[in-house]
Amino acid sequence: MELKAEEEEVGGVQPVSIQAFASSSTLHGLAHIFSYERLSLKRALWALCFLGSLAVLLCVCTERVQYYFHYHHVTKLDEVAASQLTFPAVTLCNLNEFRFSQVSKNDLYHAGELLALLNNRYEIPDTQMADEKQLEILQDKANFRSFKPKPFNMREFYDRAGHDIRDMLLSCHFRGEVCSAEDFKVVFTRYGKCYTFNSGRDGRPRLKTMKGGTGNGLEIMLDIQQDEYLPVWGETDETSFEAGIKVQIHSQDEPPFIDQLGFGVAPGFQTFVACQEQRLIYLPPPWGTCKAVTMDSDLDFFDSYSITACRIDCETRYLVENCNCRMVHMPGDAPYCTPEQYKECADPALDFLVEKDQEYCVCEMPCNLTRYGKELSMVKIPSKASAKYLAKKFNKSEQYIGENILVLDIFFEVLNYETIEQKKAYEIAGLLGDIGGQMGLFIGASILTVLELFDYAYEVIKHKLCRRGKCQKEAKRSSADKGVALSLDDVKRHNPCESLRGHPAGMTYAANILPHHPARGTFEDFTC
């Protein structure tokens with residue numbers, strides 16, 4: 001009997017019945033379905049209700065899982081007050097790239113056709129449209145008889161012939177304090193030689209402002225020098241029909257992209273630009289499409305990633321690949337394009353890339369971005385009351401003041417910034433919470449209930465497998481070993497002397513019954 005019991009123990013204890021498990025389970029309704037009663041209408045109704053609830057639960061959970069894998073996001077908009085804000089970088093360019101007075105005979109010889117001042121035969125194309133004074137100067141410079149051309153460099157030409165901020169800047173104030181041309185850093189763009197205020201480069205700290213409103217930002221008065229504009233006798237990519245400046249307000253962490261993102265400021269007006277800093281936070285895939293910026297910007301010519309840096313980087317690579325040169329405003333160490341390369345290759349290629357090619361330069365949105373919202377308003381200057389005063393102050397005519405002077409006032413509207421943040425509409429915690437809530441509502445289950453079911457299923461499966469297969473053989477082998485051990489123990493525990501001593505007559509044998517034992521003796525004496 002002991003061997004049989006131990007064999008059953010090795011084979012595995014039989015799990016409790018389904019009725020016993022159901023009666024103690026925390027899963028609602030299970031005890032009513034698997035009860036000890038005979039099959040009845042009550043049990044059938046309970047089973048039907050349980051299966052219906054389970055089906056609804058599966059449908060709801062499936063819908064929640066599908067919704068999660070759509071990776072929806074929502075946008076949170078907030079305004080945060082600040083005690084101070086970093087003033088943005090302000091880049092400005094004169095819409096005229098080259099000053100007429102700075103174009104030399106050598107410049108005209110090499111770049112006259114590019115500037116539409118000369119035709120391909122080095123002749124002035126239409127003398128009837130020229131101003132007499134400009135025509136006389138141009139005819140003298142265009143006389144190339146016995147002229148020996150010198151080496152020409154486009155970068156040097158842009159730098160020398162571009163408008164000088166020291167000549168354009170008539171007045172400058174930041175937060176009521178006087179500033180000067182030294183506070184502007186030269187930067188080259190597609191508009192040529194431009195200037196950036198508060199660039200934050202060359203070891204200069206970024207300027208901050210403590211208040212909002214006019215008078216607490218940058219206010220400058222500029223002379224656009226229309227008398228230095230190149231005469232327009234034809235159309236090229238370098239030709240400008242406008243008069244004024246182009247302005248871009250941007251973060252110090254991104255280069256200016258003024259030909260695409262700038263706004264115009266006209267002479268004869270004071271332009272007010274009320275700004276608000278906007279901090280944008282986008283989500284990376286799969287919730288969004290932004291690019292997570294790392295220490296390595298993945299750009300060839302810029303240390304930090306931004307959309308404008310990516311565009312300039314891409315345009316530079318495109319021109320180097322197609323024209324074997326780069327424009328003056330482009331970074332890198334490739335040679336600068338010659339005027340002929342500008343006209344024949346660089347300008348057409350860049351125009352095609354900007355306007356038509358939507359696949360070559362695909363720049364992803366960075367996940368963190370700072371931009372500046374703007375509201376512009378203008379008033380006419382000079383007034384009739386101030387025209388004579390300004391003409392006398394700057395030693396110009398009233399007509400010149402009206403045609404060339406502009407005032408630009410850039411300030412924060414209020415001292416706060418706006419955050420526009422993308423957030424996950426549905427996270428894993430929400431998914432688990434919804435599934436858990438639906439489980440509790442429809443079948444009264446929790447995670448521990450599911451563990452109960454798995455534990456019971458494991459015990460049943462283990463018992464079935466052990467009865468059919470390997471466990472049974474191992475049980476028999478183990479039982480045999482234990483049986484031998486038990487027999488030896490029984491022998492050791494057995495004491496025959498006690499039973500023999502208790503025999504009333506004892507046991508005696510004849511002397512000859514045992515060899516070499518001459519005397520009679522009892523069996524007790526022999527064995528004990």
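Including glycine, each Cβ sits where the backbone N, Cα and C put it.
Per Swiss-Prot, disulfide bond is recorded for Cys93-Cys194, Cys172-Cys179, Cys290-Cys367, Cys310-Cys363, Cys314-Cys361, Cys323-Cys345, Cys325-Cys337. Look at Swiss-Prot and you will find Ser479, Ser499 tagged as phosphoserine. What Swiss-Prot lists as site 'Involved in the inhibition by the spider venom psalmotoxin-1' is Phe352, and the listing cites experimental evidence. What Swiss-Prot records for Asp357 is site 'Involved in proton-dependent gating', and it gives experimental evidence as the kind of evidence. Taken from Swiss-Prot, the feature topological domain 'Extracellular' applies to 67-427, supported by experimental evidence.
Secondary structure at Phe352 (site 'Involved in the inhibition by the spider venom psalmotoxin-1'), taken from DSSP and collapsed to helix, strand or coil, is helix. Of all Cβ atoms in the protein chains displayed, 18 besides its own lie within 10 Å of the Cβ of Cys325 (disulfide bond). When Cβ neighbours within 10 Å are tallied across all protein chains shown, the highest count among the disulfide-bonded residues Cys93, Cys179, Cys290, Cys310, Cys363 belongs to Cys93. Candidates Cys93, Cys314, Cys323, Cys345, Asp357 (recorded positions) were compared with Cys363 (disulfide bond); those inside 10 Å Cα-Cα are Cys314. If you take the CA of Cys323 (disulfide bond) and look 10 A around it, the recorded positions you hit from Cys172, Cys310, Cys337, Asp357, Cys361, Cys367 are Cys337. For Cys361 (disulfide bond), the nearest of the disulfide-bonded residues Cys179, Cys194, Cys310, Cys345 in terms of C-alpha separation is Cys310. Cα to Cα, Cys337 (disulfide bond) and Cys345 (disulfide bond) are separated by 9 Å. For Cys290 (disulfide bond), the spatially nearest entry among the recorded positions Cys93, Cys194, Cys345, Phe352, Asp357 is Asp357, judged by CA separation. Separation of the C-alpha atoms of Cys310 (disulfide bond) and Cys172 (disulfide bond): 33 Å, rounded to the nearest whole number. When pLDDT values are averaged over the topological domain 'Extracellular' (67-427), the model yields 92. Around Cys194 (disulfide bond), a 10 Å sphere centred on its CB holds 28 further CB atoms from the protein chains shown. Considering only the disulfide-bonded residues Cys93, Cys172, Cys314, Cys325, Phe352 (site 'Involved in the inhibition by the spider venom psalmotoxin-1') has Cys314 as its nearest partner by CA-CA distance. If you take the Cα of Cys367 (disulfide bond) and the Cα of Cys314 (disulfide bond), they are about 20 angstrom apart, rounded to a whole number.
Most Cβ neighbours within 10 Å, among the disulfide-bonded residues Cys172, Cys314, Cys337, Cys361, Cys367: Cys337 holds that distinction in the structure as shown. The highest number of surrounding Cβ atoms within 10 Å, among the disulfide-bonded residues Cys323, Cys345, is found at Cys323.
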